[in-house]
Amino acid sequence: MGINFNIDYGFAGGVIVTGLVIVFLALVGLTLVVMLLGKILYSISGGSKKTPEKKVQEAPKQAPAPKAMPVKPAMVVEEGIGDEIVAVIAAAVAAMSGDGKQFALRSVKRVKEARSSWCTAGLVQNTQPF
Amino acid sequence: MEILVQSVQTIIEKSGFVNLTGGQALMILVSFFLMYLAIKKQFEPLLLLPIAFGMLLTNLPMAGLYHVAIFEGGHIHWDLLNEMGGLIDYLYLGVKLGIYPPLIFLGIGTMTDFGPLIANPKSFLLGAAAQAGIFFTFFGALVLGFTPAQAGSIGIIGGADGPTAIFTTSQLAPELLGPIAVAAYSYMALVPIIQPPIMRALTTKKERAVVMEQLRPVSRLEKLVFPILVTIIVSFLVPDTAPLIGMLMLGNLFRESGVVDRLSKTAQNELMNIITIFLGVSVGATATAEVFLSGETLGIIALGLIAFCLGTAAGVLFGKLMYIFSGGKVNPLIGSAGVSAVPMAARVSQKVGQKENPTNFLLMHAMGPNVAGVIGSAVAAGVLLSILK
């Protein structure tokens with residue numbers, strides 16, 4: 001076995017081009033057919049159904065918190081987050097930031113994630129096999 | 001007393017200790033190394049372990065489990081098979097007659113969810129792009145002095161699909177089956193090591209961090225029609241690939257129909273496991289010292305790696321193209337999954353993507369090109385068979 005550039009380039013090129021063209025042709029054909037199939041079946045069965053509404057509400061109104069630190073700017077708490085939760089968050093921050101350090105919560109809002117932290121943790125566990 | 005001495009002498013003369021050749025000893029050591037990789041490193045152990053043991057069995061001196069002469073010249077010498085056929089000679093018939101790879105595909109079909117591909121049919125294009133490695137390596141193999149049929153079999157390693165590589169090689173270049181199968185399965189096991197550097201080198205941080213839109217739900221009817229449609233379209237276009245695609249899609253129809261649960265379970269468990277044992281042992285047995293210990297094997301292993309890298313690169317580059325044309329909606333990392341190696345290559349896309357953005361989940365998006373790659377490499381195999389056989 002040795003390197004030999006004296007090969008039939010016409011034949012080699014023919015195989016490469018034919019191969020690539022047919023593979024692409026087959027898979028482009030399948031792409032179009034599957035797209036068409038999806039559209040047809042959607043119009044037959046699912047067309048009349050309503051598309052599921054987006055669950056995540058856009059731009060939640062941010063209501064100012066009743067009071068937190070008098071002089072400082074008012075804390076912004078996202079709608080749907082109760083006072084208890086704010087208190088718990090404040091306590092958690094206080095516990096983690098060490099003794100005696102002063103801090104102020106300026107804003108409390110939900111992280112814009114499609115999944116919950118538990119869901120994310122589960123997904124990470126299941127998709128990291130190595 | 002004389003009889004006793006004579007018997008002992010005969011036993012010694014016929015024993016492996018006396019008849020062991022240097023090549024056989026070396027091959028036995030190679031089989032030990034592969035067993036180590038399979039057991040300790042868990043490199044595709046389901047196939048590598050039977051392959052390694054088949055390699056050990058075939059290189060046992062005087063055991064006569066497998067005879068190259070029976071399959072000499074690319075066809076089966078039935079008279080020799082009747083005369084001296086050993087266990088593995090009979091098992092190898094399933095490879096030689098092209099029975100095992102399609103049956104493995106049947107099992108794979110029952111385990112594959114084509115949903116991500118149906119939801120995003122553009123994934124088919126990535127599955128096609130990643131097959132480029134096959135054809136460029138074909139050229140490299142020709143330059144290295146392999147015959148066109150052998151070059152086609154070596155190129156198919158780049159399809160990263162074991163059964164397809166075995167199916168193609170058993171018909172085009174059966175004499176290279178051992179080295180090609182070992183190279184194909186070793187590289188498939190090394191996907192998590194080979195692919196990430198190529199993926200990172202060809203993409204920017206911004207591209208790797210792209211979060212793709214959630215896939216649409218796919219109806220049951222779509223999943224039912226898909227295998228039938230693919231079988232017809234692909235088999236009409238490339239009839240040589242009908243055994244592989246036909247069985248893959250039959251398995252998938254078993255799964256999606258929901259009415260033949262027993263058949264589906266048998267195909268993906270018992271049948272698949274039995275065939276895997278037969279296939280592994282008999283393919284390993286083709287790696288005899290005379291065949292395996294040659295410069296050709298080194299060439300095949302090097303070319304296999306090139307095929308794999310080129311396939312990965314082509315997939316990622318096509319992914320970049322889709323990134324540009326989609327206005328940044330497609331993460332190019334899913335392109336590398338187009339080389340098949342289901343589901344490992346998709347997991348690699350997921351892992352590399354998650355390094356850039358820990359909340360990004362590309363797995364389902366990568367499964368589309370991944371299963372498209374299986375169809376793509378089967379089509380590529382069909383093309384090579386129809387031109388080179």
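Every residue gets a Cβ built from N, Cα and C, even glycine.
Feature annotation from TrEMBL assigns transmembrane segment to B:20-39 (among others).
The feature transmembrane segment is assigned by TrEMBL to B:46-70 (among others).
Taken from TrEMBL, the feature transmembrane segment applies to B:90-112 (among others).
Proximity of distant same-chain residues to the transmembrane segment (B:124-146), defined by a Cβ-Cβ separation under 8 Å and at least 6 residues beyond the stretch ends, is recorded for 117, 152, 154-159, 296, 299, 303-304, 306-315, 317-319, 322, 334-340, 368-377, 379-380, 384. The transmembrane segment annotation in TrEMBL covers B:124-146 (among others).
For B:180-203 (among others), the entry in TrEMBL reads transmembrane segment. The list of residues near the transmembrane segment (B:180-203) in space but at least 6 beyond its ends in sequence, with Cβ under 8 angstroms from a Cβ of it, reads 34, 37, 41, 43-44, 47-48, 51, 153-154, 156-157, 160-162, 165-166, 169, 173, 283-284, 286-287, 300-301, 304-305, 308-309, 312-313, 316-317, 319-320, 332-333, 336, 339, 341, 344-345, 347-349, 351-352.
Residues 98, 101-103, 105-112, 114, 118, 163-164, 167, 257, 264, 267-268, 374-375, 378-379, 381-383, 385-386, 389 of the same chain lie 6+ residues outside the transmembrane segment (B:224-251) yet bring a C-beta within less than 8 angstroms of a C-beta in it. The transmembrane segment annotation in TrEMBL covers B:224-251 (among others).
If you look at the transmembrane segment (B:271-293), the same-chain residues 6 or more away from its ends with a CB under 8 A from one of its CBs are 21, 23-24, 26-27, 30-31, 46-59, 65-66, 68, 88, 91-92, 94-95, 100-101, 103-104, 106-108, 163, 166, 174-179, 181-182. Per TrEMBL, transmembrane segment is recorded for B:271-293 (among others).
Annotation source TrEMBL lists transmembrane segment at B:300-325 (among others). Same-chain residues lying 6+ beyond the ends of the transmembrane segment (B:300-325) with a Cβ under 8 Å from its Cβ atoms: 122, 125-126, 129-134, 136-137, 140-141, 144, 154-155, 157-160, 176, 179-180, 183-184, 187, 194-195, 198-199, 202-203, 207, 210, 331-339, 369.
Summarising the annotation, TrEMBL assigns transmembrane segment to B:367-388 (among others).
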So which residues does the transmembrane segment (B:20-39) touch in its own chain, when a touch means Cβ under 8 Å and the partner is 6 or more beyond its ends?
45, 48-49, 51-53, 55-56, 58-61, 182, 186, 189, 284, 287-290, 292-293
